[in-house]
Structure formats: structure tokens, C-alpha cells
Amino acid sequence: MRTSPSSQLSLHGVTKRYDDRVVLSQVSLAISPGEKAGIIGDNGAGKSTLLRLLAGEERPDAGEVTVIAPGGVGYLPQTLGLPPRATVQDAIDLAMTELRVLEAELRRTEAALAEAATDEALQDALTAYARLTEQYEVRDGYGADARVDAALHGLGLPGLPRDRRLGTLSGGERSRLALAATLASQPELLLLDEPTNDLDDRAVHWLEEHLSGHRGTVVTVTHDRVFLDRLTATVLEVDGRGVSRHGDGYAGYLAAKAAERRRRQQQYDEWRAELDRNRRLAEANVARLDGIPRKMGKAAFGHGAFRARGRDHGAMSRVRNAKERVERLTANPVAPPADRLSLTARIATADGPGEAPAAELDGVVVGSRLRVPKLRLGAAERLLITGPNGAGKSTLLSVLAGELSPDAGAVSVPGRVGHLRQEETPWPAKLTVLEAFAHNRPGDRDEQADRRLSLGLFEPEALRLRVGELSYGQRRRIELARLVSEPVGLLLLDEPTNHLSPALVEELEEALTGYGGALVLVTHDRRMRSRFTGSHLELREGVVSGAR
């Protein structure tokens, strides 16, 4: 693949709304050829919307989007838009639409060459064939299928049959299939929405190496902080309907945000101090005026009386000036740095049976997916479960949650369990955020709204939004809110960082440090794993291969 010096992306005055909700307003930005940019922001801020605009999947309501990429565009959405009856080959063809179109045009041109009745028709067909062949070779179309196999192997899906139905694949397998096919199409411009979701360590490492060697432009939405550090030089933050650009990668973004917050705090502190000083000045001089008699007898009109009246006029002037400054400062307030939506709840621990284990497994077998001879989890123990995709991690959590009965063995979990699943709950699209949160929960509507708002995960107006209007990250917040709003003795977290913003992941980590019950964590987030303190269990092909 060759990159074009004219390849670029730009937005000029772009506004995008859904019904009456404005997601992006007057956004302008440019991305240079060969640039590797990460898009971050709060859940629902408009990250995926921005990527869809760049991919041409949606059109702006105002403004202009320009994408010049003669070498093609590869777009990876968060979900594969094909029905369960579709095949693996259908998914590959969808990701390689541009190449498949070129192949079809080549076949039509070959037919035109064979059927040309005149020299002029033959020359036209030869010219078209040469042009199409050059385009196809630039994309290395002849090696595309081999690249699919290589990418599937790198992402942990070797030998996937092309005729296999998508409905027989897990959500993670479908995501990796779509990613492999998108990369194999070898476009000049890659637009990737959460590409590291559902990838184990080996697959993420392969992806980082592949994208680092990509000679074109990469724009990716991701919550993976290590991935941002290693791949991107530019960070685009979507916030408050706008997009801001930061250099020096994710570390540079964090430093810039911290400096900006300090600057805003200093400006607010200075404004507040000046306002308070002038209010005190006005009040002090009013009190001084009150101490000077308004009327004096004739005997008082001496030298001292003129000094008193002079002080009187001076105090009045100071009061007037101070009041004017207070009015100006009040009319032009300086806002303090905004507090981001964050997880403010403390995850409560349910009362359990004293020092009894939170969970015990003995001789557990689940088909060919899981074999656990013995596992004991203390009342306040923390356990990190790792292993490649398909190792049985989610199966083990489902057994601990009581959602999956083993074929053999005994399971004892005496306390209350909270389970954050990897797969999202299929809430009806017409439910509001508040209705989804309150589903099967005691308490009236106002009480549920207060509980929801106290968690800090949604603004008040967001409680009225329909589930169908939410981003993946916002729907994940519903699950997180339901989890942390009830006390539990055993907390099971299956890929809790999926679809959450980096800032919220930090808040979740902080909330977990204050949780006093037993915790079992499955995560591909390398930074979360590096900060984890507790026991470690490794699974491979459903069998415990290591523990410490």
C-alpha cells in the first residue's frame, strides 16, 4: 500500500444532532496524512458519532466533512451489522467492500475487453482495465485473503471456517473477525471504534505492532490507556459538544488537562477573592458611615467637623466604588473548573456469615469449557483471573454467580452476589434510563431518581433518555449503576472497563479500593491489572494453569 500526500481528514463548522439533542456543535479540526490519533471523551459525548462522520456513515446537519484517501478507507464499528444467519465470508466481504467493488469492476472490464467490437471500444476497455488494475495492486488486492488469515491468527482466531454462521460465534469472536477483515483490506485510512475490546494480551500486542507499522492514517476511539500511550501521538477529546486537540500522546493530554484545571482554579480563586474583598470593603465603610452623626449642631462646625465631613465623603466614595466593582464582578463571573461525571458511590458490602468463605468450588466441571478441582475465596479476598480468549474466565464467573450450573462438582456462595457481565443486558429500546435502573427494584420513582443521581453517572436530564438513544458506554453505565447501588458480599467484574471512558475507569478503580467484600476481576485492561493487589489465577483451555 502507498500513502497519498493528499490524504487528509478535516471538519469545518460541523454540527450533528439527533432529534433535538445536539451532540457536536461547530466542530473544526484537521488530521494530517500518516497521523495516529486517539479519540477519547466521556460516555455519550459523541466519539462514535465523530468517527461515523469521518467514515461517511452519517452526514452532518451543518458544516463540511472532507476525507481524501485515494488508498481507501477502512471503518470498524463497535458491532458487526450482519444477521446471525450470515457467514464469516459475508463479514469479510463487508469489511472489504471497496476491494470487492474493484474486483467486480475488473471482471466487468475483462468482459468488455472480450466483447469489444471496435478499436475505440477496445482502447476504452484497455484504459479502464489499466486504471482498475493499478488501484487493485496499490491495495495489494491479490494478497487480501491471505492477510485475513494472518490477521485472524494474530487476533486469536486461526482456521476460522469461511462458511461458519455468525450466530455460532461469541460477541468477542465477531468483533475480532470484523477487526481482522478491516485490517486485511489494507486501506490508507483506518477508522477504528474500540478495537481493543475483547482482545487478550497477545492479540493486543499484535494489534499494536500492526498499527504502529501502518504507513497510512489511523484514527481510533479507545478506552485503553496503555494502547493510547503506545500508539497515538495525538489525542482528540470530545467534550461539551466540541473537540479539542492535544499533542504528545495520552501522557501529554493528561498533563495539559491538569495544567488547564490548575489555571481555571487559579482564575476562579482570584475572582472569588476580589469579590469577597470588595464586599468586605463596602460593608466596612457602610458601618463607618453609620458611626458618623448625620446632623451636627452649630457648635460642631469647627476644624474637626470639616475633617469628619471629609471622612464621611471619602467613605461614601469607597462604598460606591466597592459596590460598582462587586456589580462588575458579579455580572462577569468566573466559573470553577467543571467536575466531570464520575462514580461517587462507595460500593457497600453486604452482611455475610462472619469470616466464612465468600465462595467455594470443589471438583467443578462445565463440559469441555471449565475444570476447577478446588477454589476457596475468602470473605475479603481479591482474585484476578487471566488467560487468553476462550480460556473459561467468563464461564467461571457465571458459575460463581449461580447463573450456570456445573455438570459436576459443588458450588457454595452463601452471600449476595453482584455480577457485571461482559455482554450487555438487552434492555428494550423504549425504556428510559431511570426505568432501566429501577427495573425490579423497590422504591418509588423519585427515590430511584435520587439514588441514580447520587451515583454521579448521569446528569438529571439524562434520566429521561431512551435506552435506544444511548451509546454503548452509556448503556454500560446503567449496568454499573445497578451494580454499585446494592450491597454485595461477592463482586464479580467481567471486563468492567469495556466501553467506559478512561476517566470513569480511574473512578471505578478508586471505588474498588474502598470495597470490603470479596472481589473476582476479569480484565484485559493492562493498567488496571498492573495496579491490582490480591491473588492471581490463570486459566488455559478451561484448566487452572497457575495461581499465586
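A Cβ is built for glycine as well, from the same backbone N, Cα and C atoms used for every other residue.
Per Swiss-Prot, these features apply:
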BINDING   Gly41, Asp42, Asn43, Gly44, Ala45, Gly46, Lys47, Ser48  ATP 1 binding site
BINDING   Gly387, Pro388, Asn389, Gly390, Ala391, Gly392, Lys393, Ser394  ATP 2 binding site
DOMAIN    9-265  domain 'ABC transporter 1'
DOMAIN    347-547  domain 'ABC transporter 2'
Task: Integer Å distance between the CA atoms belonging to Ser48 (ATP 1 binding site) and Asn389 (ATP 2 binding site) - done: 25
Open item on the list: Rounded to a whole angstrom, what is the C-alpha distance between Ala45 (ATP 1 binding site) and Ser394 (ATP 2 binding site)?
Closed with: 30
- [ ] Determine which residues of the same chain, besides Gly387, Pro388, Asn389, Gly390, Ala391, Gly392, Lys393, Ser394, have their CB within 8 A of the center of the CB atoms at the recorded ATP 2 site, and list them by sequence.
- [x] Asp200, Leu539, Arg540, Gly542
TODO: Compute the mean position of the Cβ atoms of Gly41, Asp42, Asn43, Gly44, Ala45, Gly46, Lys47, Ser48, which form the recorded ATP 1 site, and then list in sequence order the other residues of that chain whose Cβ is within 8 Å of it.
DONE: Thr49, Val238, Ser471, Gly473, Ser501
TODO: Run through the Cβ atoms and count how many others sit within 10 Å of the one on Pro388 (ATP 2 binding site).
DONE: 16
Open item on the list: If you count, for each of the binding-site residues Gly41, Gly44, Gly387, Gly390, Gly392, the other Cβ atoms lying within 10 Å of its Cβ, which residue has the minimum?
Closed with: Gly390
Open item on the list: Averaged over the domain 'ABC transporter 2' (347-547), what pLDDT does the predicted model reach?
Closed with: 86
Task: Distance [Cα-Cα, Å, rounded] between Lys393 (ATP 2 binding site) and Asn43 (ATP 1 binding site) - done: 26
TODO: Measuring Cα to Cα, tell me the gap between Ser48 (ATP 1 binding site) and Pro388 (ATP 2 binding site) in whole angstrom.
DONE: 28
Open item on the list: Measuring Cα to Cα, how far is Pro388 (ATP 2 binding site) from Asn43 (ATP 1 binding site) in Å?
Closed with: 28
Task: Cβ-based isolation winner (fewest other Cβ atoms within 10 Å) among the binding-site residues Asn43, Ser48, Asn389 - done: Asn389
- [ ] Quick one: pull the CA-CA distance for Gly44 (ATP 1 binding site) versus Ser394 (ATP 2 binding site), whole Å only.
- [x] 27
Open item on the list: Counting across all protein chains present, how many other Cβ atoms fall within 10 Å of the Cβ of Ala391 (ATP 2 binding site)?
Closed with: 22
